[in-house]
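Now, the feature entries from TrEMBL:
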- B:12-38: transmembrane segment (TRANSMEM)
- B:68-283: domain 'ABC transmembrane type-1' (DOMAIN)
- B:74-96: transmembrane segment (TRANSMEM)
- B:108-130: transmembrane segment (TRANSMEM)
- B:157-181: transmembrane segment (TRANSMEM)
- B:202-223: transmembrane segment (TRANSMEM)
- B:262-284: transmembrane segment (TRANSMEM)
Amino acid sequence: MIRTWRAARTHPTLRTVAAVSAAALLVSGCSAAGTGTKSGSASKPTAFSALFTTENTQIPAELNRLAAGECKAQNDALPLKIEQTPSSNMQQKVQLLAGQDALPVLFAGGNALINKDGALQKSGQLVDVKKALTDLGVADKLTPAASDTIDKLYGGGVYPTIPFQYNIEGIFYNKKIFEEQGIAVPATWDELLAAAAKLKAAKITPFTASGKTGWTISRWVGAYILRDLGPDALKKVADGQAKLTDPEYVRAAQAVADLGKAGYFVDGVTSVDYDTATANLLNGKAAMMYMGSWLLASINDPKKNPLGDAIGFMPVPAVPGGSGSIDQYPANVGAPTAISAKQYSPEVGGWLKCIAENYASGLMETQGAFSGFKMGKPVANVPPLTQDLQKRIDASTSTVLWFEALFNTKATGDASANAAPLLTGAMKPEQYMSLLQNDLSAAQ
Amino acid sequence: MDRVFGDKKAIAILLGPALFMYTAIMLVPSVWSLFYAFSTGNVIEGFRPVGLDNFRKLLDDPIVPTSLRFTVTYALVITVGQILLGLALALFYVFVLRRASALIRTLVFFPVVLPTVAVGLLFSKMFAIAPQTGPANSLLDLLGFGATDWFSTGSKAFWVIILMDLWRTMGFYAVLLYTGLLDIPGEVLESARLDGAVGWRLLRHIVLPLALPVLISSIIFSLNSSLKVFDSVVALTNGGPGTSTTPLNLYMFQTSFFYSDYGYGSTLAILITTICLTVTLFLFRSSRRDLTKG
């Protein structure tokens, strides 16, 4: 080594080669360092650019409709330009764009990036949506329920997302099958188990879910925790006051594992994808599915739902002796959609105002779905199940967050990836909760 | 030619661009990755040093032992499978099919050129139980064993991955070993036969020792590529169920790019590099001795 180095010092050829290598190191090193610095300076936008996940079809469709309709003037001033990327790449893409000062006007930032302690929040790259709407004189268009959910989700004091959607979660079920089997809507967990046993005995699959989209299973764990331990149970875990490995939390994973052990879920649940899982419910192959109200878009689509009005909705039943209430629905405001502070301009404000005034009624009219905005005009011919859910949202006194709402990205990923093994018995409930707690503890 | 290689400037011109590219694409990211292993952060807030924290995390991480066990088991099983199947096919080409082996060789080699993702999809459908029952489960049903969910546990999914990767790669090793067997002089084989060495004795005492250099190369190829397995697992199981079929390479990718933990991801990369380097050095050292002396 020393000999080579000496040779390099004295040998002109090797010296040249060494110089080239050093230059390469320097050039590459500089470029790599550049990714972490704020080198560029964002200019005002030339388009109302929006980055959504590929899976999200609802928001782009409604924004496109607004651009051609109620928000045409705003679109002429600042044309809408939508880009979509798979949700698995979104977090990385947003980070890289933020690192290069190249964020679009709207973007689907992950909750971990935009919450009170999130990197984008701390670096001042986000618009406070509520403040912006107040400045525009349309803050009253936000529904109190959406604001309540955002407060709980992002830690209070910040309002980093446009509530393009408002969803509650519960169990969608096949009313026809329930009637045929003489099953009343279960009000308690024991009644749910009895209903599942009766259905299985009649050779009907009680529950459908997707092992490939594991949150369709893990949400059952969260729902049981909220019914059993009360609405603050998951907040306590996030704050470090309780652990998922505590026996009362493991009890929830055990309850869900027991459903799997009893054979109540669809065969081959590990390999079932999201579309197949929902099709199982909408084609009458399974009697129940835990899902959010965004499923209404499929339920209200006759091509996807041949059963029509046979699909009903019920809250997750009460756990006997539990401190949670059956009226508390896990709620969310859809995929987070933040506004880049550096891209905010009067034209963007114009778009935001138009969205606040027109988005909700348009979404209800064309897709039968809810948003976190009040409807600007009444909508006729709302399907019965949509009306039912609207009444439940209006009547609900308080909402709770879903299972992974306050988890970090790793815990969210593991909760989903390991949900099917929990159900099939390949993973014990203690292991499942311990894995998630490890992920949470590592980040605390 | 001697004049060209004697000219130092010519050497610099010929070597410089390649060295520049190698430095920029390989060395710099490697050194940079080493730096990340001692830091934490992201591209928005920047990185800050954390000393040995990432290495301590490596020791405490419950997924690392599972992942390491999967990687090593996979590498050993797949290497043994690839070499044995490759050798069996090569012997079949040389001693049974002889000159008529071209078509069979092409057919067996065909999966090598198929995209891994396509092969992954093919096998996931073949072993599926939902939404449709695949041919493998239909066959089990027909034989009275009953269909099973091949992807519900890590142990079952492991064997599907092994089967898929052996089918996908055995053609390559067959051709590699076939070329080695072709190099064995015909007269050596002829004289061995005259001395009464046929069948297993011919293979054990003549063919294998003479094909040992290419056999060692195949083992090095196989072990190194299987220790770094990534695409076939992603295409077939994506590391699931849970993390039971997650090799270290996939875990490193998920840690860095899904969970944005570049520091810990780099630490995992160092672990993988160390394992590959150790195995390669061990194999090189073993193969350095004179192989003709047995």
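Every residue, even glycine, has its Cβ placed from backbone N, Cα and C.
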Any contact between the transmembrane segment (B:157-181) and the transmembrane segment (B:12-38), i.e. 3 or more CB pairs below 8 Å with pairs at least 6 residues apart? no
Find the member of B:74-96, B:108-130, B:202-223 that has more C-beta pairs under 8 Å to the transmembrane segment (B:262-284) than any other listed stretch. B:202-223
Same chain, outside the transmembrane segment (B:74-96) by at least 6, Cβ under 8 Å from its Cβ: which residues? 104-105, 108, 158, 161-162, 165-166, 169-178, 180-182, 203, 207, 215, 218-219, 222-223, 226-227, 229, 247
